[in-house]
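The following features are taken from TrEMBL:
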type	residues	note
DOMAIN	8-154	domain 'MoaB/Mog'
REGION	181-226	region 'Disordered'
COMPBIAS	184-205	compositional bias 'Basic residues'
COMPBIAS	206-217	compositional bias 'Basic and acidic residues'
DOMAIN	409-552	domain 'MoaB/Mog'
Amino acid sequence: MPRVVKVGVLTVSDRCSRGEAQDEGGANLKALVDGGMLFKGKVCKYSCVSDDLALIEEKLREWCEEEVHLILTTGGTGFAERDVTPEAVKKVIEKEAPGLTTCMLTESLKVTPLAMLSRPVCGMRGKTLIATLPGSRKGSEECLRFISPAIPHAVSLIMGWKDEVEATHNVLQSEGVKCGTTGGHHHHHHHPCGHHHHHHHHHHHQENGESKADVSHVSRRPRKSPYPMISVSQAVETVLSQAEQCMTENLSIKNALGFVLAEDIHAKDPLPPFPASIKDGYAVLAADGTGLRVVRGDSTAGCSPEMKTVTSGVCVRVSTGAPVPPGADAVVQVEDTELTKEAEDGCTELEIKILKTPHAGQDIRPLGCDIRVGEKILSQGTLLGPSEMGLLATVGVTNVLVVRKPVVAVLSTGNELQEPGETLREGHIRDSNKTTIMSLLQQHSYPVLDAGIARDQPTALLKSLRSAFSHADILVTSGGVSMGERDVLRPVLLSDFEAQIHFAQVFMKPGKPTTFATCYYHNKKKLILGLPGNPVSAAVTSVLYLLPLCRTMSGRAVCENICIKAKLAETMQLDPRPEYHRAFLSWRPGGEVPLAYSTGNQLSSRLLSMASAQALLKLPPASSENKNVALWRTTCCRQTTCDSCANSLHWVERNP
């Protein structure tokens with residue numbers, strides 16, 4: 001069993017220690033560690049002390065004596081008079097760890113230049129590693145994520161866990177050193193999420209050698225699946241329970257569309273940044289009422305702020321969106337005026353007459369009336385769409401902290417498969433599943449890698465799996481998950497990666513042998529979705545399981561598919577298993593719900609049934625009383641309305 005890093009979280013804050021503020025930073029660190037989101041750890045000590053050097057030092061020494069492997073402090077690392085956490089830590093540690101300190105500072109400076117005002121200290125006392133983190137929830141989480149790739153190995157070295165040290169050294173020699181940080185520029189396709197976990201001490205992952213899976217005893221293979229049959233809802237719940245939100249990264253807003261915000265966004269400037277005219281007209285003093293006004297220049301959008309002041313009997317011509325001149329408190333639209341005097345050349349207005357009495361504030365947008373300085377305009381967890389991107393540009397935010405998207409590798413398996421561009425050989429077929437699944441992921445803007453085609457042979461499959469695990473967070477395979485003698489995915493996962501098979505039979509049609517597993521590869525958790533080889537089965541199960549999984553790891557608040565109502569246009573025969581029947585939808589004028597039409601023959605090998613499909617109709621299993629169905633409710637895979645969902649998919653549940 002993997003060893004667990006015992007962690008102490010110490011919050012240093014006068015206000016939190018007095019109960020005047022909530023300890024959000026410390027609580028968040030505890031949740032990150034206990035949730036296994038960064039490494040295999042458990043918080044065994046959690047406390048809060050005031051910004052008192054003696055109290056901080058006392059608590060650190062106490063925890064070091066109680067065999068805590070890692071102490072994380074949060075708060076007290078700045079320039080304020082009572083920020084003394086670094087000084088307390090320096091009095092306690094026996095060895096410094098400057099590499100961890102440098103990592104935190106370097107990566108933090110990529111996030112904000114104010115990081116230069118932080119004073120982190122890291123080091124060791126006895127068998128305990130100590131690291132100081134900033135006091136804010138955001139800053140402390142970021143810094144912990146920066147150093148988390150090194151923590152399991154650091155603790156192993158300090159504790160003298162030779163087996164785990166050796167395992168990590170083997171990894172470094174075979175791959176080179178890789179550090180998953182959250183800063184830097186966005187590279188579109190090759191950034192795994194970076195969930196770093198404690199290494200399985202017996203799991204060295206040598207890059208060469210034969211697979212340990214023995215599939216030679218064909219006659220002794222199981223005739224029935226040893227895995228229990230579960231429902232689709234149970235399967236979805238299981239998949240999502242294993243999903244962990246990806247790490248964060250800083251992106252230019254040019255590249256941030258479709259990502260989820262990992263921070264609150266506040267306005268740097270007010271909007272409008274000046275009192276602005278709502279209409280084309282004249283800036284006046286409302287108290288002057290109706291009558292003649294001398295026209296003294298104009299104010300147009302984008303003009304210099306050096307404008308003439310409006311006084312009694314004077315006006316300035318203004319255009320929509322232009323700054324209102326000093327002194328003016330109303331704008332009179334052009335339609336409520338008439339020209340009474342102009343220059344000889346006809347190019348300049350000299351005098352106008354106000355026909356309607358204005359009131360103070362008329363047709364003027366006050367400074368900051370739309371957005372105030374410092375106002376929160378977008379919250380953490382917001383999905384960035386076109387409107388949100390425009391709002392960011394409006395307030396001058398050009399870089400945002402977002403949740404990374406998971407990298408998905410797609411691997412097809414089968415001795416009979418060829419790449420689509422190759423001349424078809426006898427006894428072979430072209431691989432369509434990889435293209436279908438990759439296209440689905442690309443349509444939803446998830447980074448995807450082509451992991452190729454693997455033969456139905458354990459060592460060949462092992463090599464492909466290792467390559468995919470090295471570059472991706474999620475591996476999606478098609479084929480090799482049924483009960484045939486060449487279905488070797490599960491044996492290889494179990495024998496060579498000590499994977500946990502969470503399920504391998506789902507009560508559904510198509511997609512019964514769908515398999516979901518997890519394993520650890522080079523200290524990182526990998527999720528494996530093994531889909532059936534039949535093209536329709538692979539397509540349907542990708543929609544049901546893969547898309548919700550990707551949404552969850554991307555930080556989306558709503559990850560499962562959404563329901564709409566629909567009516568079947570024809571009677572459909574039921575199957576003994578719940579069926580996800582391919583269909584297309586038609587919206588009729590005046591109809592409250594769309595009509596659902598079958599795409600025809602529903603054989604799981606017939607990809608044509610998906611070609612025009614907009615919907616998956618979730619039909620219940622047949623019974624002696626109920627063999628046909630005529631009226632159902634559909635579910636939409638999109639998270640928007642379905643007025644024109646030519647590319648969306650749906651499924652159905654019975655009307656209540």
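Backbone N, Cα and C atoms are what each Cβ position is placed from, and that goes for glycine too.
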Per-region confidence, the domain 'MoaB/Mog' (8-154) (mean pLDDT, whole number): 92
DSSP residue counts for the domain 'MoaB/Mog' (8-154), split into helix, strand and coil: 73 helix, 31 strand, 43 coil
Within the domain 'MoaB/Mog' (409-552), residues counted as helix, strand or coil by DSSP: 52 helix, 42 strand, 50 coil
